[in-house]
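Copied from Swiss-Prot, the annotated features are:
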| type | residues | note |
| --- | --- | --- |
| BINDING | Cys27, Cys30, Cys46, Cys49 | Zn(2+) binding site |
| DOMAIN | 23-286 | domain 'CoA carboxyltransferase N-terminal' |
| ZN_FING | 27-49 | zinc finger |
Amino acid sequence: MSWIERILKKNTITKKTNIPEGIWVKCNNCNQMIYKIELEKNLEVCPKCNFHMRISARKRLEKFLDKNNILELGKNLEPKDILKFKDTKKYKDRLYIAQKLTKEKDAIIVMKGSLYKMPIVAAAFEFSFIGGSMSSVVGERFVFGVNESIKCNCPMVCFSASGGARVQEALISLMQMAKTSAALSKLRKKKIPYISVMTDPSMGGVSASIAMLGDINIAEPKALIGFAGPRVIEQTVREKLPDKFQKSEFLIQKGIIDLIIKRKNMRFSIGKLLAKITNKPEPKKE
């Protein structure tokens, strides 16, 4: 027994209670503590300040698509360390860590399903997998999605969340920009709608290719969108950048994106847009 316990009465001493990890999440915007279950129910959007946190690709697609008849495309494709690349870590070690962390094989998931009973192909980037970087597998899976969209004559939607091309795959990664853009040109020739949704962040080679090539370009609130980051630009031009530079609210004022849609409204809003474009009955709000 410590000296303080001898002085104070036992009933006035409160012993420290260990709170299990993972119950509370701190919002990066308002710094408020949020009950994790409440945050998950709110689609990873802070109920205090409406800040859109990052959400996993699989969870995003599960909440976006109708519940039944979902087929994952290109799920057997896995990245390979063709260049035997090594920086501070070997590329194959980075892949192993990322796969263990995310339970995914690479940084994009592509699914064929339906949205309010309308056939659709949807893709989503997994930012937790090496920053959602574009690899050869990401490019190939995306092209799988485009080809399936052409085959079924159904719209395609892509949710971007990426830092750009994957450094560890060098020129192979850069080539995916041209490859995916060429695939989207086939979609356009067939007059099949492609909607791009840019989430935080959509940067680098992804923003310079598939993220900006939508027939309709949508963004989530306060998403960082651009090629180089604002800090890099500021250091290069040596000038103070405008407030909220490269944020979705800034870009919509400049006409770079078409719409800003909150995550909770995304499913219905895109369903409504696609129904109008494809001349289908307008969906009823759930």
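Including glycine, each Cβ sits where the backbone N, Cα and C put it.
Counted within 10 Å of its Cβ, the other Cβ atoms near Cys30 (Zn(2+) binding site) come to 12, all protein chains included. Taking the mean position of the Cβ atoms of Cys27, Cys30, Cys46, Cys49 as the Zn(2+) site, the remaining same-chain residues with a Cβ inside 8 Å of that point are Asn28, Asn29, Asn31, Gln32, Ile34, Pro47, Lys48, Asn50, Phe51. Mean pLDDT for the zinc finger (27-49) in the predicted structure: 93. Minimal Cβ crowding within 10 Å, among the binding-site residues Cys27, Cys46, Cys49, is found at Cys49.
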